[in-house]
Amino acid sequence: MNHSDTIVAQATPPGRGGVGILRVSGSKAAEVAQLLLGKLPKPRYADYLPFRDADGSTLDQGIALWFPGPNSFTGEDVLEFQGHGGPVILDLLLKRILSLPGLRIANPGEFSERAFLNDKLDLAQAEAIADLIDASSEQAARSAVNSLQGVFSTRVNHLVEALTHLRIYVEAAIDFPDEEIDFLSDGKIEAQLHQVIHNLAEVRSEARQGSLLREGMKVVIAGRPNAGKSSLLNALAGREAAIVTDIAGTTRDVLREHIHIDGMPLHIIDTAGLREASDEVERIGIERAWHEIEQADHVLFMVDGTTTEATNPAEIWPDFIARLPESLPVTVVRNKADITGETRGVEEVNGHSLIRLSARTGEGIENLRDHLKSSMGFSGNMEGGFLARRRHLQALELAATHLEQGKHQLLAAWAGELLAEELRLAQQALSEITGEFSSDDLLGRIFSSFCIGK
């Protein structure tokens, strides 16, 4: 990719609309303005002008905006044509611009990439642009704006600065071992390291919430046939998404519903009843059910309350619980409380959450909704929250691992050189979030997922 080229792309969605925008960025943007507008508009003022073809005829007329670099989104000279949103008109205008030498169609995300490369925004902020466009809820959109304004980046940069300060002390202890003050053993480095680890844990917790807000929580409903799994899916979805009958094994395949609970996206997955398969189709359905369970963020273990009084999942179905990943959160849902007369509500039983409800009548469903929010650490008040991606979580986790290893080197061996290296690696992992340290491959993967005009 040649970043010295002047690029152009449509910045509005394809199709018919009231307004269509073409964006130009690069050194030849001023030349484009002279040839199509007949003049260079006043910087940052809206000029109503005809857009001219090569023969002088008018292709369209509309608003022209001129942003000379470096005071523009990309940091380069930027020109925008805001005309009528007909696809034919926009195509003619685009062809006219591309007929000029040195111009080409922008690659996906190239405008944002140039803004990043020209230090107009960091990598986390650039990703927030795409997240804001793709936001599926009001809370996700607000958190994306926070990320775009630098809330997440500021938290990360504070951690990086703290590590820089800590590394200065450690490097001094290594370089000047004969000094009267032993920086490694006087407790100051240990105290600072503990504080950085604590602050990083807080950022990781907020980032996990931001990731859930962006990507959604995968909740799998599992259990024996006829426990009420499909009825629960319908109750949570608020519509008849799944067929419900008294015939065991009605659900043969995986059913998915995407819902929001107070702005938090959930992917609710209904699975085939787990039992010895009676035919090949059911066997495949059960295999798929286990695949979904093993990939879940949370499992709702549906139990027909009329068949057992047990509340401990290990007593209800020990083989099922034994097969689950140890770290997977499981909530036991005792269904048919309208028949058994059980009190609706949530309680803790032997390390598992237990909810009594009726999927058929809807009693207790709100308790389940509230439980799903709280079990994932989600708070309805996330004014200062930010969105995070999986790569951000991985970088934060890697940084935490290096800090814990550095702590071990400090406390167990007083190994200053090894501690310094772990601090450097932690700092490098954090710097990947904002793009201060990043590979070309990483940048390519991130910006290739953007819209063309961004």
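One is the number of the first residue shown, and numbering goes on along the chain from there.
Each Cβ is built from the backbone N, Cα and C atoms, and glycine gets one as well.
Record features, source Swiss-Prot:
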BINDING   Arg23, Glu80, Lys120, Lys454  (6S)-5-formyl-5,6,7,8-tetrahydrofolate binding site
BINDING   Asn226, Thr245, Ile247, Thr250  K(+) binding site
BINDING   226-231, 245-251, 270-273, 335-338, 358-360  GTP binding site
BINDING   Ser230, Thr251  Mg(2+) binding site
DOMAIN    216-377  domain 'TrmE-type G'
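On a Cα basis, Asn226 (K(+) binding site) lies 60 Å away from Glu80 ((6S)-5-formyl-5,6,7,8-tetrahydrofolate binding site). Taking CA atoms as the reference points, Ser358 (GTP binding site) and Asn226 (K(+) binding site) are 13 Å apart. On the backbone, the CA of Lys229 (GTP binding site) and the CA of Lys120 ((6S)-5-formyl-5,6,7,8-tetrahydrofolate binding site) stand 50 Å apart. Note on Arg23 ((6S)-5-formyl-5,6,7,8-tetrahydrofolate binding site): other Cβ atoms within 10 Å of its Cβ, all shown chains, come to 24. Ala272 (GTP binding site) is 10 Å away from Asn226 (K(+) binding site) when you measure Cα to Cα. Cα of Lys336 (GTP binding site) to Cα of Ser230 (Mg(2+) binding site): a span of 13 Å. Each residue contributes its Cα atom, and for Ser230 (Mg(2+) binding site) and Ala272 (GTP binding site) these two points are 9 Å apart. Annotation note: Ser230 (Mg(2+) binding site) sits in a helical segment as assigned by DSSP. Lys120 ((6S)-5-formyl-5,6,7,8-tetrahydrofolate binding site) and Ala272 (GTP binding site) have their C-alpha atoms 51 Å apart, to the nearest angstrom. On a Cα basis, Arg23 ((6S)-5-formyl-5,6,7,8-tetrahydrofolate binding site) lies 50 Å away from Ala272 (GTP binding site).
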